[in-house]
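Residues annotated as region 'Disordered' in TrEMBL: 1-51. What TrEMBL records for 36-51 is compositional bias 'Low complexity'. The domain 'Major facilitator superfamily (MFS) profile' feature in TrEMBL is assigned to 74-270. Sequence annotations record features per position, and here TrEMBL assigns transmembrane segment to 140-159, 171-190, 202-226, 232-249.
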């Protein structure tokens with residue numbers, strides 16, 4: 001019997017099935033691509049790398065800044081060094097009186113001993129500035145204090161050896177103290193902001209006057225109460241080495257560590 005007009009065929013044609021399978025595959029491909037995460041582009045990867053490097057650099061800079069000593073700690077430490085500077089300068093002015101009585105010195109001998117300090121002090125003024133620029137004021141001041149403290153400790157032994165040895169010890173004191181002003185100026189220029197520099201300079205160089213006044217006041221009681229004129233040299237010399245230990249561990253070493261950390265920070269930033 002012939003089929004009725006307008007009725008749907010009982011079996012689909014092969015072409016229609018192929019079209020349905022193609023549409024299904026296209027739908028699946030579209031769905032899978034929509035849920036697959038997109039790969040970051042090259043520009044986005046470079047930006048992420050730059051941000052990570054910047055964060056590393058900031059962290060390194062923070063660590064380096066934390067390692068550096070505070071500027072006012074440095075200023076007060078240098079002020080103490082300048083107090084010691086003039087303590088070791090004026091101690092001979094007081095001790096020379098009992099020393100002259102003991103060794104039979106004339107007025108010319110006393111003047112000769114004092115003059116050798118100033119010869120040493122004058123000689124290292126210019127080299128002190130050159131060394132401070134090349135090596136850094138912190139190192140130059142450190143070695144200057146140790147040198148003049150060594151000369152101070154050496155004075156009692158040298159006095160018993162003779163006038164020449166004593167003059168040499170006073171020359172060492174002058175050589176060490178001669179580098180101190182240039183070294184201190186270099187440290188202040190590097191560590192203290194311009195708006196605070198005048199106050200810091202006053203605090204540091206004011207130590208010279210404090211040292212002169214203090215030395216003239218305390219040297220006579222020290223000589224009378226601690227066993228003679230030798231004691232004033234031993235005490236002041238020991239204080240200089242104690243200052244050197246403080247400066248090394250609180251200022252010199254932290255500053256060196258911060259400088260060593262700087263290249264690593266720059267490399268991380270690059």
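Each Cβ is built from the backbone N, Cα and C atoms, and glycine gets one as well.
Most Cβ pairs under 8 Å with the transmembrane segment (232-249) belong to 140-159, among the candidate stretches 140-159, 171-190, 202-226. Summed and averaged per residue, pLDDT over the domain 'Major facilitator superfamily (MFS) profile' (74-270) gives 91.
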